[in-house]
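Novice: After the structure tokens below, expect a handful of questions from me.
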Amino acid sequence: MKQLSLLTLSIICAFSSIPVQANDNESANIALTSQLEVNEQAFSQLRQKWAEGFLGASDIAFDQKLKQMVITANNGAQKHWSSMNTASTRLSLWNDLVLDDQSEAGKKVLGAKLRSSYQRLFIMAKAYQLRGGVLQHNPQLLAAIIDGLQFLNQHYYKVGAKEWGNWWHWELGTPKDIHNILVVLYDQLPAQLITNYLDATRYFTPLPTHLGAGSGADVSSNPHYRESTGGNRTDNTQVVLLRGILANDSDEIFSAIQALSPVVDYVQASDGFYQDGSFLQHYDIAYNGTYGNVLLGGLGAQMSLVANSPWQVTDPKLQEIYPLIFKSYAPLLYRGTMMEFVNGRAISRPQEQGHHVGHNVIASLIHYLDGASAQYLYPLQQLIKTQISQDTYLDFFDSINHIGNYQKAQQLLQNPQIDVKDNVQGVFTFPAMDRVVYRTDDWAFSLAMHSSRLGNFECMNNENRKGWFTGDGMSYFYTNQLDHFHDYWPVVDSYRLPGTTVDDQLMLECQGQRNQIKGGRKLQMDWVGSAKLDDIAVAGMDFINWNETLTAKKSWFMFDDEVVMLGSNISSQIGANITTTVANRKQLDNGNINVFINEYPWAGQYPNKIKSLFISNDQMDESGMGYIFLSPPELSVKQDTRIGNWNEIGTKSGEVSAEFITATIRHSVEHDSYAYVVLPASDLDDISEYRDEKPIKIIRQDDIAHIIRYKDDNVIAANIWQQQKVELTRHISAIGKMAILVQKEEGTKRISVSDPLQNQTTVELEFKKPIKIMSDPDQRLQISGQKILTIDVTNLKGNSYQFIVK
């Protein structure tokens, strides 16, 4: 454990101002001894720095919340200590975590239960070291921890053991927990025990770049030798990095740091970050919030750990993480919550709801402060401070358990030179994961779609069992009612998600998956995409449901303080009843819920012609949701209290209840439609004013195109579904499948076009009069006959191309 590698000796020489000669003279021995001590100190400093993340910096006093955190940690440690099985005949450390490597059922869950055992020992280890706690430096507690570590190493986590069950626990999760324990208790543990564990983690995870590399992996859930990617890569490198620090082995430290670089490489397919800010895991599931944050947090923690050390990151490629943060995370964080549509199956976990995931992401961002350049430091500080300050629902400092980041965040909030300001506004499109975000001063909208390129939802490990329609155009509105999506998923009617169009087929748990791992993607559903022009946008989906019995053309238009939603050609091939959900709003726990139809209080009766719906709570200003119907619907409104349990959708338990207002439109079975406008953060006056102004005019709404005109022909927005020529205005026609926005401005036309299929080469616009190109940033435009404009959309990958003509 105390031996130094050849690479370590070379570092000593490189960092030494005293030449070291390979001879036996006394002066050289003295110099070498001096440098060995310096280098030993460098390893020790990294161990101390990692431990401070869990225990806090010794020179910063604990505030009351941290003192309470210490009490809570001690209570948890005492509980685990008191319940430990100390019998000489024991097979497990805890009776509720039975470790069974003999039966098939026991083997299946052995990895998970073994990791839980180490997590309990880690809680006990932290309590032993946390200052001010009743268990601090308790010798009996330390003896119990050592006894538990020795037992688990002797019987289960050891060289030669088999990886029964899920590979992840053996190769990534458990070795990370073990190394954390060894770092926190490094000076208290027997040297041989540390050596035994380093040998064990090296057996299971020998390389920082590959998984399934140990001989015990042949029986695991994934026995194949494979290169690690995404969040698994940063977990992979962390195992090797911490082992190198514990073993004083520079070879392993350098190999781990060098293996980090690929995680910031943009990918063209499968897992990882995409140029547009998307992050996919499991081939085709949007996962910025959870798997993406594993990568983000792991990379940041490791870069921060080795900063200003002999092993600090020198690859300039890793600095690309900073612009990526503002592309992949800033648009998806809203007042402390991580938008649910990039959290995958984690929405079925009570401990990983939107605010929890958001706080985890914020904690990851804190790691990047130390290494940020001047260009990114203040924007990053402001982003973190604003997200923490604006989350008035769940206190960041109540949810974080990383004391080091807690202390850094407190210093940030107390810095008066950093303003609280949300600078993230406008349109953000993520065509690689079929997601769109639209943000204003007062609210945000996010849209979840899927396509031939992206899975509709993921149900795995018995989680997200009712996620059937979450990728079918679900439309999220975030207002100052910050608890809206908290405790939402166990109780919401999963057949009635806002923005979705579904039929009445009964769904089985996990049924209907259409992704690469399960069910296969819908290869014919390729028209899915969006276009943006500055702060306005259009999105669309030529929709086919999970078993291809329901079809619809669906569009979303984002302007100023509104979102316009159009649907057409809604048809069932099996004659099923079809419903589009306009709203399914969870209400505040207190206050009176007010529902208005046509601006009058709703008493359960419906007027002959429904023009508007308004939902509000008198306990919260600017939380009202207004809906204006551009064509009278067959509307149904329901107010009810729903009761559910987390175990109905995932693996955790806990009963929750909430009151909902649900508004739905019932359709006929063939070629039906809908058209309505959503005004978030509005009131009844806003609805009345909007109806008087009538800023939206529907030009076309059929199987050829959805076209609307906004504010007296100032903006034309359209989704062109078919290849044929389509008239947008009297002066412009579109030829080809596209999403397009046209805005008049001082005698010119500012235009944005995208290829929603992501496989076309060109699309065309035809003008009544000769045109001249005023702006063509990427030289993608070509005029023929003075009136035909050909736009090269090759390799745009669904992104918008903006240009100006006159």
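Note that the numbers count up from 1, one per residue, in the order the chain is shown.
Cβ atoms are placed via backbone N, Cα and C, with glycine included.
What TrEMBL shows for this protein is this:
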SIGNAL    1-22  signal peptide
DOMAIN    50-386  domain 'Polysaccharide lyase 8 N-terminal alpha-helical'
REGION    214-233  region 'Disordered'
ACT_SITE  H282  active site
ACT_SITE  Y291  active site
ACT_SITE  R345  active site
DOMAIN    429-681  domain 'Polysaccharide lyase family 8 central'
DOMAIN    697-764  domain 'Polysaccharide lyase family 8 C-terminal'
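Provide an account of the burial state, proximal residues and distances for the features listed.
Specialist: Within its own chain, the region 'Disordered' (214-233) has Cβ neighbours under 8 Å at 160-167, 170-172, 203-206, 259-260, 262-263, 270-272, 279, 281, 291-295, 298, counting only residues six or more beyond its boundaries.
H282 (active site) falls outside any helix or strand according to DSSP and counts as coil. Within 10 Å of the C-beta of H282 (active site) there are 19 other C-beta atoms, taking all protein chains into account.
In the three-state DSSP classification, Y291 (active site) falls within a helix.
Secondary structure at R345 (active site), as computed by DSSP, is helix.
Applying DSSP to the domain 'Polysaccharide lyase family 8 C-terminal' (697-764) sorts its residues as follows: 0 helix, 42 strand, 26 coil.
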Novice: Within 10 Å of the Cβ of R345 (active site), how many other Cβ atoms are there?
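Specialist: By my count, 24.
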Novice: Looking only at Cβ atoms, how many others are within 10 Å of the one on Y291 (active site)?
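Specialist: The Cβ of Y291 (active site) has 24 Cβ neighbours within 10 Å.
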Novice: Whole-number Å only: compute the distance from the Cα of R345 (active site) to the Cα of H282 (active site).
Specialist: 12
Novice: Quick one: DSSP breakdown of the region 'Disordered' (214-233) into helix, strand and coil?
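Specialist: Computed counts for the region 'Disordered' (214-233) are 9 helix, 2 strand, 9 coil.
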Novice: Determine, to the nearest whole angstrom, how far the Cα atom of H282 (active site) is from the Cα atom of Y291 (active site).
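Specialist: One finds 10 Å between the Cα atoms of these residues.
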